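Asks: My structure is below; once you've seen it, I'll send some questions.
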C-alpha cells in the first residue's frame, strides 16, 4: 500500500510536469511543480520522523515501565497483548488528560509507541482495557501510521500544486510558455484544489477501514475481545455524553459520534457495565445510512458494534 501510494505520487508528478511544461514552458513549470513537491514532502517527512515528539509534548505523556507502582499493570497488559500478536513490545505511556482515549504512533526514529489516557484507565475494567490495547496493537501491526501518511500525501500535493497554479494564473502565467494562457493555468489550479478535497474523502474512507481492521484484530487475538471492545466503546461515549443512555431509553436524540471529546465534568470512576450494554444493544438495532460517517475518520459506533458482533463467537488465537 505504501509503495503503491508513492508510485501514484511519482506518476502524478511526472504527468503534471509534462502537461504543464508543454502548456506553459518547462522552466516555469519546474519552479511550481518541484517547489510544491519539495514543500509537501519535506513537511510530511518531518511530521513522520518527529511526530512522536510532538505527540508526547501535546499529551504530556509519561512513560510507564513494568515496575511502575501505579501503572505497572498497564505495561503488563500491553506486553501480554503484544505477545498475543507476535509483536515486539512498544513503549507504553500514560496521558494525564481529561478525556478517555488510547492511541498508537510510530516513526523510524522513535519506534512503536502506545498511549492510554488516565480517564480510560479509570472507566474501563481490565478486560476492556486489554481489548482496546488489542485495537491499538492492530494499528501498529498493520503499519497504519505509515500507510495513511503516504496516502494523505496525494491530496496534500494536489492541493499545494493547485494552489501554486492558481496564484500563477492570477499573476499572469509563465510568460514564456507555449501559450502563456494564464486563464488555463488558473483553471487547472482550481480543478486540482477541488480534486484534492474529493480525494480527502477517500482518505477518510481508508481511515475508517483501518479502524475497522483494528477492531477485528482485537476480536481475533484477545480473549472475548469483541464483546469487551463493544462495551469499552460504549463507556467512552457515555463518559463524553453522560445523558446518552437516558435519551436512548426515551428514543429521542442522536447518538454521539466516537471520539468527540468534551470537557464535561463527569465521574472518573469505572462506568457500570449494564449502562454500557444498554447502549451497545441500542446500536445493534440502530439503522445508519451509508453517508452517516462520510466526513469522519472513525466508523459510526453502530457500524463498529455490528461488525464486532460477527466475531463475538470467534475462537481467539495468538498470532503465529
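Cβ coordinates are placed from backbone N, Cα and C, and glycine is handled just like the others.
From a predicted model like this one, the values you see are computed outputs, not experimental measurements.
Heads up, here are the entries from Swiss-Prot:
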- 6-26: transmembrane segment (TRANSMEM)
- 31-51: transmembrane segment (TRANSMEM)
- 135, 139, 211: Zn(2+) binding site (BINDING)
- 136: active site (ACT_SITE)
- 147-167: transmembrane segment (TRANSMEM)
- 185-205: transmembrane segment (TRANSMEM)
Asks: Run through the Cβ atoms and count how many others sit within 10 Å of the one on residue 139 (Zn(2+) binding site).
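Replies: I count 24 other Cβ atoms within 10 Å of it.
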Asks: Neighbour count, 10 Å Cβ-Cβ cut-off, for residue 211 (Zn(2+) binding site): what number do you get?
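Replies: That number is 22.
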Asks: Just the number: how many Å between the Cα atoms of residue 211 (Zn(2+) binding site) and the residue listed as 'active site'?
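Replies: Cα-Cα distance, residue 211 (Zn(2+) binding site) to the residue listed as 'active site': 9 Å.
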Asks: Report the residues of the chain - excluding 135, 139, 211 - with C-beta within 8 Å of the mean position of the site's C-beta atoms, for the recorded Zn(2+) site, in sequence order.
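Replies: Going along the sequence, the neighbours come out as 104, 136, 138, 144, 210, 213, 214, 215, 217, 218.
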Asks: Relative to the Cβ of the residue listed as 'active site', which residues of the same chain, six or more apart in sequence, are found under 8 Å away?
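Replies: Residues satisfying the criterion: 102, 103, 104, 114, 214.
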Asks: Take the Cβ of residue 135 (Zn(2+) binding site) and count every other Cβ within 10 Å, whichever protein chain it belongs to.
Replies: 25
